[in-house]
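These come from TrEMBL:
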type: REPEAT; residues: 316-349; note: repeat 'TPR'
type: REPEAT; residues: 431-464; note: repeat 'TPR'
type: REPEAT; residues: 835-868; note: repeat 'TPR'
Amino acid sequence: MCNSRAKGREGVQGVNTLRNLIVAGCLFFGLASAQAAKVNGIINFQGDTVHMELSGQQNWDYDVKRLDKKGQVVVEMTVPALDESTIGSLSSFKSDFVTSVAVDRKGPDGKNVIQFTLSGEDIETFDYLTDQPSRLIMDFYVNPSAKPKKDSKAVAKKDTQIPTELPAKDLKPVAKAKTDKNRKPAADTLAIADQGVGFAANDSVKSGIFDGGDPDYSRFSVKDYEIKEEAMIRAKDNYYIPFPMLETPVSYWEKMKITPAIYQISPQSTEENKQARLLLTLFEKQRYGVYLKTQAWFKDKYPKSEYNEVIDFMTADVHLALWQEEGRMKDYDEAMQKYKEAVAKYPRSPLAERTSVKTGFLALEKGDALNSLRLFQEHIDNKKFSGKESVSKDLARLGMGLAFMKLNKWTDAIAQFDQVEKEATNRDLKVEAAYRRGDVWVRGKNYAKAVDEYQKALKKYPEGQGSYPNAFFNQAESLFMMNKYPQSLDTYREFVKKFPSSNHSAFAMTRMGELLEIFGADKSRVMGAYLETYFRYGETPNAVIARLRLLSARMKGMKPKEVNHAVEEIMSLAKKIDLPNIEQFATVMVADGYTHRGEHQKAVDLLSKYYKEHPTSVDVPLLTNRIVSNINDKLESEVNEGNFIKALKTHSQYADNWLKNSKRLDTKYNVGRAFEMAGVPVEAERYYKDVLNRIYAIRGTAEAKEIQVKEQIPSEDELNLRLSNVFTQEQKYNQAYDYLKNIKAPEKMDEKAQIERVNIAVRLLEKRGDNDSAVRYLGELLRTWKGQPQLVAEPYLKLAELQVKQSKPDEAIQSLEMIDKLQSDSGKISPVIHAKALEMMGDIYLDKKQQDLATGSYEKLLEKYEDNRPLSSIRYKLGQIYFKAGEIQKAAEVWNDFKGDKSGFWKNLAQEQLKNSEWRDGYKKYIKRIPAMSENEQGQ
């Protein structure tokens, strides 16, 4: 489109000269534009559809007609000029639906006309435009409701044989992109057709993506019995970003914007008329720069022109259009001033009443609520407009209600809507006022009142359900904020069913996924909801939250490089949507991803950094709880790994900052465990007692249940066990015994804890000198044990020790043989326990004078563990057995294999044994095999 403002003259010397400049300039720029931007496109077969796609224009000016030419159905599409490659691909295309395509290069206004010959009347077309990128698309498909034809080609051929004298005619306009320039001028009052909302509600067809397999979205429903209380408690610590309120546009204001005033000037032969019609032409062609200069010239030459009324309103429209295009405030101010002057100067004009209402809504749309209130009130007070029952005045009251709402004047806004609903003669305005009362309370965060108002409106005016999506989305969000999750989910589902193409549908589906997570639904269903949101709504800003949650959840299984890319994507996506605290939400999502990966330090560092950089805007409880939770998880991980030194360092690092005011019981418990492992039972005792006393204090309360869900706290029995153990280490046996007795349900403890309990009990009985009771205790455990076999190795060892003290060596050997058998069967016995068992078994056999069995135990011990454990004493003992039995050769062979730097003492002892032997000369060759002895002999 030619923009003559940039090339305008310094002054207007004459009408003909100005007109020639305009025409020449438009022709020049029009030709340049035509040469610079030709349309390109493709046509192909996609599934059951012939798909044509054109690109190369930002604003499309096209026309489509369906014609009957000589018995053949032809669709003519007039489009901007195509490039040569596109013309070639179109002309060569053929299919069962489109039998031929022809392109006429000599269409109107330099355009091309594409002629599609269809195979039959059952072939329908659908044309539409897309934004970002801008595309013009035409699809051809078989109408499923049409009667089936055996051979569409045969039908088409048969039709060509039917004689007809009718010329080509327009059968069915598919779409019309051009504005109808033959509309009547604006009326003298604001006329609104009644029952518009009712007709809209009866229209069941909506645009958007529908699910034929699950039209009720039942995949997002949850039965009452499927809701898990623990999941709902855990969800209290989750982060749910508030979604923006859905603000439904004022329907009649939207109509006013898309149906602007049409100005007409009847042709006359006077020069003044010609110049006025030139201004009208410039206005219609949107040559605003030239228009303003020409209008100033016209006003000077014809100050009292009969066309001033039309020109004044047009001039205001020009300034408004310039503001909308270029965003300059001076154009907006000029437009509003011109509108005000025109309404005041021509109060009886057909445009006055309409323009007066228009200025109020313009100010409201711009965000100037206070000025819009004044403009709406002036309109209502203007007696020159229609009477008290004027539709325009009801519309102004509706606008006042919206202005009061934006100014947070809740009761004043409600009063305006109440008045419109009560007094308006137009039912559509009554309906709109009723449906907007809920919006007031949503903005006021009075969610209970908002839900009540929406439900009243839906019940009283059911015909408005299809026109006011705010009644569903805002109600669902209000229910969510009230923690009424089941009702919220049902309302969100209803919203998505009714308005799948709404911009807020992505928010709704995201929230449904979050609600499924709150209810404790399977993770696959939750992720499925986020995936579907992203699939349906793609890269639109409102689908960003679902994408962030997906990326955060997937970080757990990613490789390090993939994690870095995911973090970058999360932070970049957060910048694409304008929501409160979106950066904080993205930071929390990244931190949660690190937490799922077990990278707790990264999560702590990230959250701490954000906290320090945003001290005034940060959600303190949210970030603090997450930081403390990650510190605790780090502590627990380090303790479970046995790295108590690192755990104590972690606690020391955060004890005076993040953990200073923390009341988490699991954190204290983990610190106690670290001190216990470090051999500091006094400190461990203090932490364990704090935790146990707190658990006793809140027993049976809602707080206790919440802590059990949110924290990894031990049971009372586990704490009693830990305290019994630390008191045993402190040699406070009576207290240890008391805590051991406090264990109420040992069978519910894990197997490792059960074994530990038995070991502590046996140790305490042994300290009391009651070995018989200790043996009975162990024997009962071992006879009834059904858990992991390897866990009873230590009790068997202790039992053997007690049986030795009872002078029952045979029974002790049976217990030790069980340990050896468990190791042979499972290979999971602790090397320390197995080594002790073999040594004790050898010692018992030796005491029983069963040297053969003793040597077998010692040899097995050396074979398995000498490389990793200091067993020089055992090797010496084994050689000693052979030596005393007179098997000097075997003794020498055994003593020849001492290992380790610390075996010197036993080597020397063995050397002395062999040197002092009366058979030294006879077995000298064996002695020389020991390196130290050989050197000594040579020295002597």
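Backbone N, Cα and C define each Cβ position, glycine as well.
Proximity of distant same-chain residues to the repeat 'TPR' (431-464), defined by a Cβ-Cβ separation under 8 Å and at least 6 residues beyond the stretch ends, is recorded for 197-198, 201-202, 245, 247-248, 250-251, 398, 401-402, 405, 408, 410, 413-414, 417-418, 420-421, 424, 470-472, 474-475, 477-479, 481-482. The DSSP breakdown of the repeat 'TPR' (431-464) into helical (H, G, I), extended (E, B) and coil residues amounts to 30 helix, 0 strand, 4 coil. Break the repeat 'TPR' (316-349) down by DSSP state and the numbers are 28 helix, 0 strand, 6 coil. Sorting each residue of the repeat 'TPR' (835-868) by its DSSP state yields 28 helix, 0 strand, 6 coil.
Averaged across the repeat 'TPR' (431-464), pLDDT in this predicted model comes to 97.
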